[in-house]
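Quick look at what TrEMBL lists:
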- 18-39: transmembrane segment (TRANSMEM)
- 51-68: transmembrane segment (TRANSMEM)
- 80-102: transmembrane segment (TRANSMEM)
- 114-135: transmembrane segment (TRANSMEM)
- 141-163: transmembrane segment (TRANSMEM)
- 296-316: transmembrane segment (TRANSMEM)
- 336-355: transmembrane segment (TRANSMEM)
- 367-384: transmembrane segment (TRANSMEM)
- 390-411: transmembrane segment (TRANSMEM)
- 423-445: transmembrane segment (TRANSMEM)
- 460-479: transmembrane segment (TRANSMEM)
């Protein structure tokens, strides 16, 4: 398959995933906003901050959560111990479906992945809403049972799909999958009689180390909250809600793009070869795509940063009421809007970097991430002691800035001897930058006079001001960033060809 065909397939995967995720996430967004009206900050903090870490470590350190850590007040958070056990069980169930997820991701089964995950999340939200309304005294039982139900539905979707697919005559005829029956995905003895394929084991160990370090970097603030008690359960709950709301755009827009184009870069580029030794057409296509993705990430991140500042308090008030819109909530979300800009750029640069790195380069990068993980945890603790929960976001910004710098250096070295300069995607026209600055200033003034204690007519006027400024900014981007617009039209807007396997 040529680089152009792979690009078209990756673009369709990204756009299909984006559309379906927005549709399904909108439903769960409304359900979660409804559920928040019936919960305390303390139980949200326990469910969303402490217990998910217990899920990650459930296979070999789950007892820590029951024996060594502070147990919440049973009158505020009832059934804590049983809830932790059920969350750990849900982690085991989810691991059973991991081979099916990897197979679906590698072969770009778009509809299966998005529908399975979205259906599971929607059913989980519905069950949670039902239990919160009718059985509120169940406490942590509600969320642990909903999590177990979510993982069970998710795994069943994958198992049922692949069982039917592998048993169909079409699968036998096409022979596109590396397995012919479900049992091939289970542990088995190799043809040579060895229980372990050591070549694959070493590669798996390398990726495990990288994933472990990334888990520390992405969830590090939760460890600091849990083990060092720098925030009470209520503040932890507010932080996590703001964190989830702020990362919503990143999950909806950036994640499908990163996952899809990681596959594109991995298929087009050869890991062990210099850019000058590879097929130059593929290298040129990869450079052009990377430049356009960087431009898209920068524009999306700047838009969220500039307009999110003036609409954070209004968004929190609509989503969670006074529990979120008062106190530290608005400051947290405003800080997170800047963090989203770094998330967007880092997602694109790392998806290229990890697709192009050799195994040795991945191992060296792991050492850098190890040092970064340690400094991130220390910085999180110090900044949180100094400026409260905002310190976690500041530490994350520092962490993301270092990772972006590492990736940019790799990309620069990779294309140093070629005529291509994909990092030009990080440059914007002065006219567009001026439009962003003007829009941010106008919406900030609008917030002072129209939001958020003046009633709904003033709020609607504030929203109208923002919509006008956003329209003007997007119009300017359309006129100045013609290369990006051409990429979006030719790739993400191409006619969809029906893929029988997806």
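Heads up, the Cβ atoms here are built off N, Cα and C, so glycines get one too.
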**Item:** Recorded stretch, among 141-163, 296-316, 336-355, 390-411, 423-445, maximising Cβ pairs under 8 Å relative to the transmembrane segment (460-479)
**Value:** 423-445
**Item:** Two-stretch contact, the transmembrane segment (296-316) and the transmembrane segment (423-445), at least three Cβ pairs under 8 Å
**Value:** yes
**Prompt:** Taking 141-163, 336-355, 423-445 as candidates, which has the most Cβ pairs under 8 Å with the transmembrane segment (390-411)?
**Reply:** 336-355
**Complete:** For the transmembrane segment (423-445), the distant same-chain contacts (Cβ-Cβ under 8 Å, at least six residues beyond its ends) come to 290-295, 298-299, 302-303, 306-307, 309-311, 345, 408, 411-412, 465-466, 469-470, 472-473, 476-477, 480-481
